[in-house]
Amino acid sequence: MPLARLPGWLCVVACGLLLLLQHVHGQDSASPIRNTHRGQVRGSFVHVKDTKSGVHAFLGIPFAKPPVGLLRFAPPEDPEPWSGVRDGTSQPAMCLQPDIMNLEDAKEMNLILPPISMSEDCLYLNIYTPTHAQEGSNLPVMVWIHGGGLVVGSASMNDVSKLAATEEIVIVAIQYRLGVLGFFSTGDQHARGNWGYLDQVAALRWVQKNIAYFGGNRDRVTIFGVSAGGTSVSSHILSPMSKGLFHGAIMQSGVALLPDLISDTSEVVYKTVANLSGCEATDSEALIHCLRAKSKQEILAINQVFKMIPAVVDGEFLPKHPQELLTSMDFHPVPSIIGVNTDECGWGVPMFMGLDHIIKNITRETLPAVLKNTAARMMLPPECSHLLVEEYMGDTEDPETLQAQFREMLGDFMFVIPALQVAHFQRSQAPVYFYEFQHLSSFIKHVRPSHVKADHGDDVAFVFGSYLWDMNLDLTEEEELLKRMMMKYWANFARNGNPNSEGLPSWPVLDHDEQYLQLDTQPAVGRALKARRLQFWTKTLPQKIQELKGSQDKHAEL
């Protein structure tokens, strides 16, 4: 019945109810409130650039107690409940990290960083949902783990809102302890280490308990990350502590076998931290007690030494070395996307590691000394450096070619070969989709040397539709199509464990045909990525090293 034909008093009541409902809906749209198992949180509506839509953002939700005092170098504990409605409209503080590394990289890339504070109290997560999402929506969930060598990074460094809005997905971006506070280990019961990984487990457990309140499906969780974030994802696949906490995994330029991010022993880091801190090194319990008393500034001073810091085999999160766990097929059989970029060590990684000036000065004359040092860093006998020359440099005298081949060698060793190895192990238990991102991004090439192709991390901009710290992307029409395609692949995978759908170029599963997807403005299916290099690193080189050791042993006996 039309309102005009209702009795006067009933018309007033009906109109009042309509106005109330509109007010409540408008209020929820602008300042949505959601429950968690520890209390309520108020978010905000955030308009998504270059779209007509937006998301609800709930920022700085605690998933653990502040890891301070006795909780420094200790497993995370559940957060305390709060009364009233918690404000979730501002970014949380970043975990303690060497800020100078961020600033130097930012200057090189012409990035303007937002003013985000740092604190040891940093175990928070951000949630981005489509505006219609509410309890019962049952949307797929993606949990983003940032990269940064396990020493830098934050939940705010990547703007995930466009992916959430465009693809109707709930996205959670988490933080975890970094550097010494995140990964220092005494190698015994006093401080087993891997605190940052344990923080990630705590965040995934929080998601299982709470994500339904935000419209997410706890039984359809995909974890994804780049670089050290990809290494983290890969490590969760291997960890018994992460069982049942996720159902799909995406590893972008990072897996658990990355050489600088995993170690059998904590000895080197232990001695370095003990020396820098001035704490007694002979007694691990006393050392931890001493380190817990150090100020924020003293911890930051120690952190400055580490460009990267390795996780350790702690017997709990990682029961054995990742290589052993993969070889014995002791991992969670979940569908995976694994990928690398064409030029992994083209620019960003060497600069981050302080190798860019060394590479720029490589000539045929300086090459032997550089390779000898590099072999030592790779934990290879210095005598085998000539094998690296034969495989990558050959007889060329041209400095630019030598430098390019050196960068390729680094990229293969650090990223490509480990990714291929992990993919080959995992495909026996669950589907694996492999990619190589090949596109030279127009929006960043003007700040890089001309030799750089698809550099480490370039694919992330096309997954999220934004670069670091929401840097504006001025994409070409072809790049816009590539962005939409990659967002759709990632979202399809989050929905059903398969990136394919109608209208997209077919992405074959990685089987014994070794097919993979070449991601570019003209995508294509490739076969047997770097097969010769894989053979060199996994068979030829180890065999030659064994022969070298055998001949040295015989010589020693004589």
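Just so you know, the numbers here start at 1 and follow the chain as drawn.
From the backbone N, Cα and C atoms, a Cβ is placed for every residue, glycine too.
Swiss-Prot lists 1-26 with the feature signal peptide.
Residues or ranges marked as disulfide bond in Swiss-Prot (evidence: similarity to another entry): CYS95-CYS122 (among others). CYS122 (disulfide bond) is surrounded by 27 other CB atoms, counting those within 10 A of its CB over all protein chains shown.
As annotated by Swiss-Prot, N6-succinyllysine applies to LYS209 (among others). DSSP assigns LYS209 (N6-succinyllysine) to a helical segment in the three-state reduction.
According to Swiss-Prot, the feature active site, acyl-ester intermediate maps to SER227, an assignment based on sequence analysis. With a 10 A radius on its CB, SER227 (active site, acyl-ester intermediate) counts 30 other CB atoms from all the protein chains.
Same-chain residues at least 6 positions away in sequence with a Cβ under 8 Å from that of ASN275 (N-linked glycosylation site) are, in sequence order, ALA281. Mapped onto three states, the DSSP output places ASN275 (N-linked glycosylation site) in helix. Residues annotated as N-linked glycosylation site in Swiss-Prot, with sequence analysis given as evidence: ASN275 (among others).
For CYS279-CYS290 (among others), the entry in Swiss-Prot reads disulfide bond, with the evidence type similarity to another entry. Of all Cβ atoms in the protein chains displayed, 17 besides its own lie within 10 Å of the Cβ of CYS279 (disulfide bond).
Residues or ranges marked as N6-succinyllysine in Swiss-Prot (evidence: a large-scale study or a structure entry): LYS296 (among others). Taking the Cβ of LYS296 (N6-succinyllysine) as reference, residues of its chain lying under 8 Å away and at least six apart in sequence are, in sequence order, LEU96, GLU120. DSSP gives LYS296 (N6-succinyllysine) a helix state.
Positions annotated as active site, charge relay system by Swiss-Prot, on the basis of similarity to another entry: GLU344 (among others). DSSP gives GLU344 (active site, charge relay system) a coil state; it is part of no helix or strand.
The N-linked glycosylation site annotation in Swiss-Prot covers ASN361 (among others). Taking a C-beta cut-off of under 8 Å and a sequence gap of six or more, ASN361 (N-linked glycosylation site) has no contacts in its own chain.
According to DSSP, HIS456 (active site, charge relay system) is assigned to coil rather than to any helix or strand. Sequence annotations record features per position, and here Swiss-Prot assigns active site, charge relay system to HIS456 (among others) based on similarity to another entry.
For CYS290 (disulfide bond), the nearest of the active-site residues by C-alpha distance turns out to be SER227; the candidates were SER227, GLU344, HIS456.
Cα separation, SER227 (active site, acyl-ester intermediate) to CYS122 (disulfide bond), rounded: 21 Å. All protein chains considered, the CB of LYS209 (N6-succinyllysine) has 14 other CB atoms within 10 Å. Comparing the Cα of CYS279 (disulfide bond) with the Cα of every entry in CYS95, CYS122, LYS209, GLU344, these being the recorded positions, the smallest distance points to CYS95. When each of the disulfide-bonded residues CYS95, CYS290 is scored by how many other Cβ atoms sit within 10 Å of its Cβ, CYS290 comes out lowest. Comparing C-alpha positions, HIS456 (active site, charge relay system) sits nearest to GLU344 among the recorded positions CYS122, LYS209, GLU344. A 10 Å cutoff on Cβ-Cβ distances gives GLU344 (active site, charge relay system) a total of 27 other Cβ atoms nearby, all chains included.
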